[in-house]
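Everything on this sheet refers to the single structure shown next.
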Amino acid sequence: MSALILALDATSRNEALAIAESTARYIDAIKIGYPLVLGAGLSVAGEIAALGVPVIADFKVADIPNTNTLICDSVFQAGCSAVICHAFPGSDSLAACVGSAHDHGGECFVVCEMSHPGGAEWFSGGVAESFCMMAAGAGADGIIAPATRPARVAALRELIGTRKIYSPGVGAQGASPEDVKELVDGIIVGRAIYGAADPAAAAAEYSRRCR
Ligand code: 3DU
């Protein structure tokens with residue numbers, strides 16, 4: 001049983017808010033990122049949060065510690081509840097993201113392994129495990145792991161223990177909720193919901209399948 005997180009990668013404010021409103025009752029959080037924020041501005045985060053849905057900022061933050069702090073502080077001041085960052089810039093950069101999140105009463109999630117085919121080229125084979133240990137060491141609230149590779153999610157679950165795992169790759173990337181719903185805390189679905197003819201009906205169906 002898993003939560004359902006909508007990856008709202010629509011690029012217009014009005015479309016995004018309409019989808020957020022119509023799907024809100026079926027989803028547990030909305031993940032926003034560059035596609036929406038570059039089109040609509042960061043203030044859209046607060047507008048979505050005002051609907052009563054927690055907002056996760058997927059900026060895959062990956063810079064020096066000071067810049068990471070500036071980015072994450074902006075994200076939380078805009079009304080987001082969580083931020084997603086990369087581990088590869090190092091433990092000090094990661095600590096800056098976790099520190100900002102916790103200073104604002106929010107959460108920080110760390111990308112450990114990506115869900116697209118190219119994600120297996122680099123992240124698998126020990127790197128993801130290292131990132132997972134870095135995430136735990138930094139006090140992160142959870143990690144991002146690929147629904148497209150359930151065996152890898154299971155391996156990372158062994159390392160991350162009871163911290164949360166959010167998992168993208170369901171729907172357009174080919175994975176099903178049933179592949180990982182017993183392993184993860186949240187399933188991230190984007191195009192299969194926001195790109196559906198009836199996003200609310202699609203969200204209702206994914207919600208049913210995540211439970
Ligand atoms: O493929 P979808 O349309 O369901 O969208 C997946 C979302 O999750 C999208 O926002 C993408 O940027 C994000 N994501 C991954 O797909 C894979 C990752 O490893 C991390 C984030």
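Glycine is no exception: its Cβ is also placed from the backbone N, Cα and C atoms.
Listed by TrEMBL as binding substrate are Asp9, Ser115, Gly190, Arg191; the candidate from Lys31, Lys181 that the record includes in that site is Lys31. Straight-line distance linking the Cα atoms of Asp63 (active site, for OMPdecase activity) and Lys31 (substrate binding site), rounded to a whole number, equals 21 Å. Of Asp9, Lys31, Arg191, all annotated as binding-site residues, the residue with the shortest Cα distance to Lys60 (active site, for OMPdecase activity) is Lys31. For the substrate site, whose annotated binding residues are Asp9, Lys31, Ser115, Gly190, Arg191, the maximal Cα to Cα separation is 16 Å.
Same-chain residues that are not part of Asp9, Lys31, Ser115, Gly190, Arg191 yet have a Cβ within 8 Å of the Cβ center of the substrate site turn out to be Ala7, Pro168, Gly171, Ala172, Ile188, Val189.
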